[in-house]
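As recorded in TrEMBL:
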TRANSMEM  B:48-68  transmembrane segment
DOMAIN    B:108-304  domain 'ABC transmembrane type-1'
TRANSMEM  B:112-131  transmembrane segment
TRANSMEM  B:143-165  transmembrane segment
TRANSMEM  B:177-196  transmembrane segment
TRANSMEM  B:217-244  transmembrane segment
TRANSMEM  B:282-304  transmembrane segment
Amino acid sequence: MATHTLTTPSRRRATGHARRQRVGWLFITPFLVIFAAFLIFPLIYAFGMSLFSSTLATGTKFVGAANYLKAFTDPLFLGGLGRVALYAVVMIPAQLLVALVAALVLDTLGTWLAKASRLLIFAPYAIPVVIGALMWSFLYSPRFGPAGTIFGLFGLDAPDFLASSAIFGSLVNIVTWQWSGYYMIVIYAALRSIDPSIYEAARVDGASGLQIATRIKVPMIASSMVMVITFALIGTLQFFTEPTVLRSIASGALPAEYTPNMYAYALAFSYSQFNYASTIAFSLAIVVFIGSFGFLFLTRKQNGLK
Amino acid sequence: MAVPTTARDDRTRTIVTAGAGRPDRSARREARRNARVAQGGRRIGSHVLLLVLALYFVIPIWWLFVAATKSTGGLFSSPAFWFDDPMQLFANIAGLFEHQGGIYWTWLGNSFVYSFVSGVGATIVAVLAGYGFAKYRFRGRGFVFGMILGSVMVPLTALVIPQFMLLSQYGLVNTGWAVILPSLLNPFAVYLMRVYTQDTVPDELIEAARIDGAGEWRTFTTIVVPLLRPAIVTVLLLSIVGTWNNFFLPLAMLTNPETLPVTVGLNRWLALSNAGAGGEQVWNLITSGAFISVLPLLLSFLLLQRYWQGGLTLGSVK
């Protein structure tokens, strides 16, 4: 970070300077109070909760790491983790591909049509995730949805988007629809910051448009791509809203423990098992930390964070 | 970190570029124009691809608009992507005023209040902290800032469940405060304000104000804050929208129907309607209610485009 400290010629000014720098603490104090009250303290509290167990028969007692041993052998938690990992592997590349292709195409065009498309592709970002999932639940519904009509045109039966076998793809589609536009804007902004004279030089050397896109543009925006993937990864591991909303229409395909977050929510608010819910939430936090730091470590050459 | 430069259109500069001098703009624009001319025929293919993508992203929104104008019977029987006769939008709006005593409008009002109060609060706190981090070199700065950045990775459940237990001890669960207070926490806003302050407020200006005898607080309010105005609008917008869109937090904190924001309320109607009891099936109210609830956001998004995009891309470009 490029903040310039002012040079201080004399000692007296130096001490005055140091005192003044301490004023910085006053500016960050309001935020730190909120940070402590609603992040640090709840985290410590949740960790404390996860070390105890509470039942009606025995009361509250300290159990150490027993809850964690239970969590990491709990098929419901592990199943949810496996599911979000699979979502991460499928959903993130899908979103990234749509976003990257759209951004690369937009970068070569300056027409009003391209500008209008950019706005339209970004539009779902302005729709709350709940409302987006709610809309798609109507579109997927065999009662309201257009699928019957569309497939009927070809003399086919519409697939059931809400069946157990199809729900994975249906959820991938909702998330891709909701977030690709945002990722596109981030990638597009990175592309616009490249000096176009580089493309001129490549073209003189005989590079095609596709070669310029894959060999020059994509490598030059690697750090933005890494940031986008990191955010997508953190979000996907916490998958909650879309499957929760769809559950009311597809409860057969979506059990209450479908994702780790849903499991923690159900444990806390349906079964009042706050100790074990805290353990699940904390275990998920550990997985998210390892996942995102691992990813940032693997991509340390590209992401520019040293 | 280098100055993030984001050249978008020529007319609407993002807040990212504001303040960063760009003497080579016209040369770059020229180069871009030449590149465009050289493209030729492939542009038709590119446009077709873009249109297909745009259709995919816009059709569900179009569907919501059309569905908001239908009765429940029309939702079942008429084509999904076209209007039904007669137009029922106003009947649906009247229905929103009648059903459960017009609770929908209470929900919408709650969403506004929660979003604005927490948005304004989070922004004030973030502007102060961003300035503190950007312009003062106090001991522990790097460590504290690193902790704030790292907190972006903490999953929401890990926070919401203990927050619920703590706030319930103070009797705040089931009140608006249970949503507003945790929403004041916005580490990303602090990061944005720090980056922006570093790029737009010159140290010399602050030093000059000090030499003229202005105190630290006066320097901040009269010299610095006016310079930060575009970033303040962006952060305010992002904070408001963040609370408006939040689902997990109000879902956990609020059970009393009178306190719900519109997202959680509509999800409740959806669940009840899907559960199937005849009188509780309010499909037409769900679609029209959802449509009305996205209007403020869609409009602000169209009208304040440059602030939105400025905030979304700020800090992402290295």
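Glycine residues also receive a Cβ, built from the backbone N, Cα and C atoms like all the rest.
Automatic prediction, not curation, is the source of TrEMBL annotations.
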Interface-richest range of B:112-131, B:143-165, B:217-244, B:282-304 toward the transmembrane segment (B:177-196), CB pairs under 8 Å:
B:112-131
Stretch of maximal Cβ-Cβ contact with the transmembrane segment (B:282-304) [cut-off: under 8 Å; candidates B:48-68, B:112-131, B:143-165, B:217-244]:
B:48-68
Residue list, the transmembrane segment (B:143-165) vs rest of chain: Cβ under 8 Å, 6 or more residues beyond ends.
133, 173, 178, 182, 187-188, 190-191, 194, 248-249, 252-253
